[in-house]
Amino acid sequence: MDSLRSKENLNRFESLFGKTKELPRLFQAPARINIIGEHVDYLGGIVLPAAIDFFVEVYLRPNNTASYNLHSVTYNETVELKKPLQPNSKSPWTDYISGVISEIEKKGHIVPGFDLLVDGNIPQGSGLSSSAAFEVVTGYAIQETFGLVISREEIALIGQRAENNFVGTKCGIMDQFIIAVGKKDDCISLNTSTLKYSYHHFELGNNEFYLINSKVKHSLKDSAYNKRREECESALVKIKAKYPKFTHLYEVELSDKELDECHLTNEELKRTKHVTSERERTKIVIDGLETGDFKTVGTSLFQTHWSLSKDFEVSCPEIDFIVDSLQSLGVTGARMIGGGFGGCVLVLDMKDHFSKIDAVLKKSYQQKFNVEIDFYKFQISDGVKEISI
Ligand code: GLA
């Protein structure tokens, strides 16, 4: 925890909202990576995410009024909201808070007025889930402050509903879930159809995961994310008409001929191909991590990338360039992570290989796209929590 930052934010909070005997409480939620299982969490698939040590933090204090007074350090903006809460196109960052309050109240709780300051260091639009972290930290801070009894899993679902219903992205549950339940040094395997999950610790030995930020900013809301989800849903409707036993696209196991007879469009067929092949790769990756077979894990990560790029069509030229270059440079594995259309690449490689990669890739990317990429080393960290100030 950066104590200077927290002191500055506390001063800022008190100068905006007044100094009282009661200090605000500070809550922090991490970013996330996902090792395997991409674009399957709204289709009943298995995902393998972990929380990492970037964060969104909120300072929150009840104000005994009917107003929510909100300040964003990133946007240097203060907004007062009152019920009924509506989407706010002038300050869209407040929608995450309004969405969470609305979803908590739909469950029969009452959320009294509060003052809140938000800050963080998760690069926005980088595929590391700054929005989900904001939703989860807001939900957690509200339930802790007002003594509501809401489990971590339920806070994740509230965050997802806020994003689906208020913000407008029809995201799955992976991001909010791992941010709510993450544990230092562990990833989880989450079955998104049952929400059953377990913690896993993998010994990486001489290997490491790290991230490369392409600096291409995605906007899931304005992007084709919702369209991909619709294509998957319409593919399932057609498949079910012939094979009613399948309840999720992720489960579909059919030969090419059988799929042909479902009369999918070319897009629906390609999306189905990604989703069902991701199921097979996920098994291979979990086995490989358990047995220390990093070569096989890496090969599957590359395969996932090209499946996301060619069949699911959620990559972009910059990200493809990074993965292609890494493959030529001989790294163990790499792929885009998150919703896509920009953001970060997750790399798996031997630790001592890093110094040979970063300078070469930085230079070639700069030459081709005139942008400087960032490399992030990270620690697997805890999920949302309170920090004492
Ligand atoms: C975004 C969404 C998640 C998930 C990923 C793709 O991060 O928020 O729910 O669908 O994209 O795996």
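Heads up, the Cβ atoms here are built off N, Cα and C, so glycines get one too.
What TrEMBL lists as domain 'Galactokinase N-terminal' is 11-61. TrEMBL lists 96-182 with the feature domain 'GHMP kinase N-terminal'. Summarising the annotation, TrEMBL assigns domain 'GHMP kinase C-terminal' to 286-349.
The domain 'Galactokinase N-terminal' (11-61): residue composition by secondary structure is 7 helix, 25 strand, 19 coil, according to DSSP.
Per DSSP, the secondary structure of the domain 'GHMP kinase C-terminal' (286-349) breaks down as 35 helix, 10 strand, 19 coil. Across the range of the domain 'GHMP kinase N-terminal' (96-182), the DSSP-based residue counts are 51 helix, 7 strand, 29 coil.
Taken together, the residues of the domain 'GHMP kinase C-terminal' (286-349) have an average pLDDT of 97.
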